[in-house]
């Protein structure tokens, strides 16, 4: 049975060291919040690039588990406290503060910019989302498959794209400036799924169903009724739909990712830069038309948007090739969750026990002292230590 690790007492020096960490995580949250305001840029991708994606998901999962333990048990009070101790509060709190500050600061500005420059904004968003289609496709596991599997995947992609296209077409004639609150609730439930998979934009989903501008207006005007319903829907979605999405990704990953790519492709219908909107409306989805002036501006912004996503994807892949996302702050292992390592075949194996690792390290050190061949240094610090050791021996 694993005993919880004791937390050392906090001193004035440790508190001062925590201040830069808090500010850094707040900056990460601000970047994630800015990304969530722009359709096509995934806050999950920014979280992954800044090195906090998995830690945020783990902490959010711990919060959900804590609420579940408190409501359903077993050991409600003890289980609630145990789950909450798994949460990285020094990460969660500043990230939420940074996200909230950025959203509250920029929501009105972005909404006004989108309304005043509809063609330009849709051109930028079109490029962002079009390039983002490659993200779920790149996450599909590579393996040899039968011809039937390829046909099935293609069918899922086409059906998802067609369904999204005609759903947006249907929504084009039913957009309301003040949507019913029940629509806001269910839209928030689905939009929060963007937290599960990097590359998927919750703002893009809101834009596709005509709730992007109303939501930004509600944030800018502090419409507490709208925001309260939206927050409640997001919370319910986090507990239910997000868990469903994680189950689908765990058990039907390939088809789920293919369907997501198809949905993104079909939903591009909402982002075609040149549309005729109903009289009196300056946002939402209208009737598609041939390009009209301005033409060059939307095209250039679409290229810029696509290039931005491609750069983000390239940075993300480079970080993954290096083994793990860059994290400026060293992570501490969660004392209440068994760490799991996944091998190439996809099976989970328990991570080696810390005491066993320490014993193996001590044994290796004794072997090295006895004159056994030592491993070659791989980092600059190891090279310097090796050089000093050789000088000492000579």
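Please read every residue number as a count from 1 along the shown chain.
Each residue, glycine too, has its Cβ placed from N, Cα and C.
In TrEMBL, annotation is done automatically, which means it is predicted and not curated.
Listed features, source TrEMBL:
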- 89-110: transmembrane segment (TRANSMEM)
- 122-141: transmembrane segment (TRANSMEM)
- 147-168: transmembrane segment (TRANSMEM)
- 180-212: transmembrane segment (TRANSMEM)
- 224-245: transmembrane segment (TRANSMEM)
- 257-275: transmembrane segment (TRANSMEM)
- 295-315: transmembrane segment (TRANSMEM)
- 339-394: region 'Disordered' (REGION)
- 347-362: compositional bias 'Low complexity' (COMPBIAS)
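Using the rule of three or more Cβ pairs under 8 Å, pairs at least 6 apart in sequence, the transmembrane segment (295-315) is in contact with the transmembrane segment (122-141). The stretch with the most CB contacts under 8 Å to the transmembrane segment (257-275), chosen from 89-110, 122-141, 147-168, 224-245, is 147-168.
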